[in-house]
Ligand code: SF4
C-alpha cells in the first residue's frame with residue numbers, strides 16, 4: 001500500500017519492445033519523443049535539431065524519409081547522434097527497407113499502405129535483419145476509405161479496426177516488435193480510440209494528439225488528451241505535436257509526465273501566481289530562475305512563494321524552499337526546514353547556486369550507491 005494512494009497510477013500491462021537502446025512498454029519508463037522539421041537530406045541541420053532535442057531530454061527522435069536522399073542522409077545522421085532515430089515512412093516500401101539498412105531504430109510505417117504481401121515481407125525482413133522495430137501510426141485524418149464508408153466518419157471503432165488490421169498483417173509475417181498509435185486532433189476521439197485499443201491488444205502504445213496547434217493551445221490540448229490517458233495507465237511513449245520548436249515538444253512532454261509523477265527530470269518548480277501580498281517580484285524571479293536552472297537534469301522539487309500565506313507549507317514538501325518575507329528579508333528552507341535568511345541579495349543567483357549544489361549532492365549519492373551495488377555484485 002503506498003503512502004499516498006490517491007497519487008498511484010496503475011499502468012496497463014503492455015508487451016515490451018525495443019527502439020534502439022530505449023525500451024518501450026512493460027515497466028520501461030514512459031519515453032518522450034519529438035520529430036525534426038528540417039529537411040532530412042540536410043544532414044547538418046537535422047543533426048543539430050536532433051541534438052537540441054536530445055539535450056532537452058528527448059529519448060527518441062523521428063525524422064521524415066520521403067525520398068531516397070533522406071534515407072541516404074539518415075545513414076550519416078544516425079552516426080552523429082546517440083538518441084535512437086525513427087524513420088517516418090509513408091507508402092514507399094523501398095524507403096522503409098533503405099531506412100532499416102541505414103540504421104533507423106524503428107520504422108513508422110503502416111503495412112496496409114505499402115502494397116502487396118511481398119513488399120510487406122521485404123520490409124519486415126529488413127526490419128528483422130537490422131534489429132529495427134516499427135510503429136503502426138493510424139491517424140483519424142487518413143483512415144482507409146473502406147472504413148470511412150462503413151463507419152460514416154472517423155470514429156474510435158474505425159481507428160481501432162484500422163490499427164488491428166495493420167497489426168494482423170505484421171503478425172502474419174511473424175513480426176511483433178511494434179507499437180501502435182491512433183492519433184486524432186480531437187482529444188475526445190483520440191482518447192476513446194486509445195482506450196479501445198488498450199482493451200483490444202497488449203502492444204505498447206505511442207500517444208499523441210496530432211496537429212494539436214501552437215505552443216499554448218497545443219500544450220493544453222495535449223495535456224488534456226495525453227494526461228487523461230496516462231492518468232488511466234495507458235501509454236508507453238508520448239509525442240506532443242506542436243506547431244513549435246521540437247525542443248518545446250520535449251519540454252511539454254516531460255512536464256506532462258512530471259505532473260503525473262510518471263517521470264522525473266530536472267527541477268519541479270512550484271511557485272505561486274503572486275498577488276498584493278508578495279514580498280518580491282515572483283513572476284520575474286521564477287522566469288529568470290527557470291532559465292538559469294534549465295541545465296539541471298537531476299530531479300528535485302523547489303518552491304518559490306511570494307509570502308508566508310503559502311510559503312512555509314509548500315517549503316515543507318520541497319527539497320529547497322523560498323518564502324518572501326517583509327523588509328526584503330526572505331526565508332530559505334532546505335529539506336523542509338528553515339535554514340537561513342536572505343536579505344537584500346540576488347534571489348535568482350542564490351537559489352540557482354543552492355539548486356546546483358543540491359543536484360551535485362544527489363548525483364554524488366547516486367554514484368556512491370551505484371558503486372556500492374556493483375561492488376556487492378562483484379563479491
Ligand atoms: S503565496 Fe502569498 S504572494 Fe503568493 S499568491 Fe498566495 S498570498 Fe499572494
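For all residues, glycine too, the Cβ spot is worked out from N, Cα and C.
All annotation found in TrEMBL is predicted automatically rather than curated by experts.
If you look up TrEMBL, you'll see 272, 275, 307, 314 marked as [4Fe-4S] cluster binding site. Within 10 Å of the Cβ of residue 314 ([4Fe-4S] cluster binding site) there are 21 other Cβ atoms, across all protein chains.
The domain 'IspG TIM-barrel' annotation in TrEMBL covers 14-253.
Here TrEMBL flags 268-357 as domain 'IspG C-terminal'. Under DSSP, residues within the domain 'IspG C-terminal' (268-357) fall into helix, strand and coil as 31 helix, 27 strand, 32 coil.
Looking at the domain 'IspG TIM-barrel' (14-253) alone, the prediction's average pLDDT is 96.
Minimal Cβ crowding within 10 Å, among the binding-site residues 272, 275, 307, is found at 275. In sequence order, 273, 274, 277, 278, 282, 305, 306, 309, 310, 311, 324 are the same-chain residues whose CB sits within 8 A of the CB centroid of 272, 275, 307, 314, the residues recorded for [4Fe-4S] cluster being left out.
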